[in-house]
């Protein structure tokens, strides 16, 4: 064998064999871990320290277990041929139903409090339209019809004015007949009465502050609206001074209002209703309220399985100046919700059967940062003065009532009282009407800041209502039906009933299909991680293990090396400072003593294997050895061992 071949065979014999030709399984696994694209296996081999190796072993085994589990689920799901059928019969909670008579108090019970006000109102109607009191009222002897000898107290507090379009800036005082110059703001309010011909006269009233220097005039195209608004202001002032217990007694009891009651085909009575006193509608009664032990539910749809009541309206006890329609008001709401009957209540007619079909819709919105809604109102800086769950309407009215107490010194009569506040009245707060109207105009123009502070509730229920009417009772059944109801209510009603005194109401679910509207984030954490993983895997072939490697190298090892270098520099600086400077010149270092000599701790190559260590006790010469031609081995290993090629001869 040639000398070159012998040296080559000897070097191959001494060098370890790597790769698929490795002699042992340990060497094979070592080669695999060093050359595979699976990141975790390589980190197990190259990591220094027992703790890091254990952590990488745990990470890798966990990833392998998750892969096996997910793949097994996918395989089982693929080969499983089955279907699932779910049959669900649901019951829907029946909502709370609040019923009020449109007339808040019996006229016979409050007539003593309203005698002077009604007399002045009659005079205004007589002067404007020639309207006189009905014969029925006169025969009842309710009150005098003239104001002879009586000072016009209410006209003096809020003067009624008649405006003529031909005379700008002037108005005629309704009581004295004198013309006066109108200064300040003139606010025209729309009328809800239809006019075929446009009227050239406007009726209104003037509100002034205490010093009468600042006034506001409100005009109406219809005198009916002007007088009703004027009457309502005085009415609220009078009723605000009446104790609550007395007002409850002056209104309708549950036994008077409710003639018959059925729910889901079973009889119910006044005990199933809860009293709720409303400032503007008197005694109202709520069916299926939150104060009940259990919330009633229904398992069937249709008119036969809802709430059926017959109401006694008693038109003879209506206040002719406060309300101009006959019937009842109904509101469907949640059990913990305040019934804003004056805003969203439905009116039902007398001598009619009103059927209301419901369809439930639940809405769930996402809170911040997806929307500006609130979960329970705790993050809204407005005190809830209602004994009910938060809603946007409650927040707006609470905000306005709080501003009313701050600006005017008293609370508006139609809303609940804030803590340590009283309702407005002339005696204690003579300026409250002007203050209230000015504040309300600012509220409508969104100048109080309530609309910007209050938020919509994130979750709420609403019922889509379908209303149908039918004449009730029919002519064929009217006689016997009214006789039976009169006999049945003889203890509560001391007169023969007629159909204009009664109203029938049916409230039911059209079907039990419940619609839910739920918001969900378009981009969730899972979606974000999935998108990141897809991009990293597509462009860099990177996985979760690769991310952990990056964290280890660039956030742990990187800063550890920097800190270690700074620490060594500090130690060297401190050592040089402590050691006195030496006068001896350092000897030149050559060979292995030279710091420029690179020592490699990696696996041996042919070049490093040929670099034999010096003999013990020998010194490395400072001059290079002579060039002997017998040591030239480039021809022997020119094709195999390129590392031994020497430089060109000098």
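Note: Cβ is positioned from N, Cα and C throughout, glycine not excepted.
The compositional bias 'Polar residues' feature in Swiss-Prot is assigned to 579-593. Summarising the annotation, Swiss-Prot assigns disulfide bond to 100-284, 208-215, 261-268, 373-458, 395-454, 399-450, 408-435, 410-424. Per Swiss-Prot, the feature region 'Gating release of inhibition by proteolysis (GRIP)' maps to 135-222. If you look up Swiss-Prot, you'll see 624-628, 624-628 marked as motif 'PY motif'. What Swiss-Prot lists as topological domain 'Extracellular' is 77-542, and the listing cites similarity to another entry. What Swiss-Prot records for 56-76, 543-563 is transmembrane segment, and it gives sequence analysis as the kind of evidence.
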By Cα-Cα distance, the member of disulfide-bonded residues 268, 284, 410 nearest residue 435 (disulfide bond)
410
Looking at the disulfide-bonded residues 100, 208, 373, 410, 424, whose Cα is closest in space to that of residue 395 (disulfide bond)?
373
Near residue 399 (disulfide bond) in space, meaning Cα within 10 angstroms, which of the disulfide-bonded residues do we find among 261, 373, 410, 454, 458?
454
Model confidence over the motif 'PY motif' (624-628), as mean pLDDT, sits at 61
Min neighbour Cβ count (10 Å) across disulfide-bonded residues 215, 399, 424, 454 flags 215
Other than its own, how many Cβ atoms are within 10 Å of the Cβ belonging to residue 408 (disulfide bond)?
19
What whole-number Å value do you get for the CA-CA distance of residue 215 (disulfide bond) and residue 261 (disulfide bond)?
52
Taking the Cα atoms as reference points, how far is residue 450 (disulfide bond) from residue 373 (disulfide bond) in Å?
15
Cα-nearest neighbour of residue 100 (disulfide bond) within the listed disulfide-bonded residues, 208, 261, 373, 454
261
Cβ neighbour count within 10 Å of residue 450 (disulfide bond):
19
For residue 373 (disulfide bond) and residue 454 (disulfide bond), what Cα-Cα distance in Å is obtained after rounding to a whole number?
9
Other Cβ atoms within 10 Å is the metric here; tell me which of the disulfide-bonded residues 208, 373, 395, 410, 435 scores highest.
395
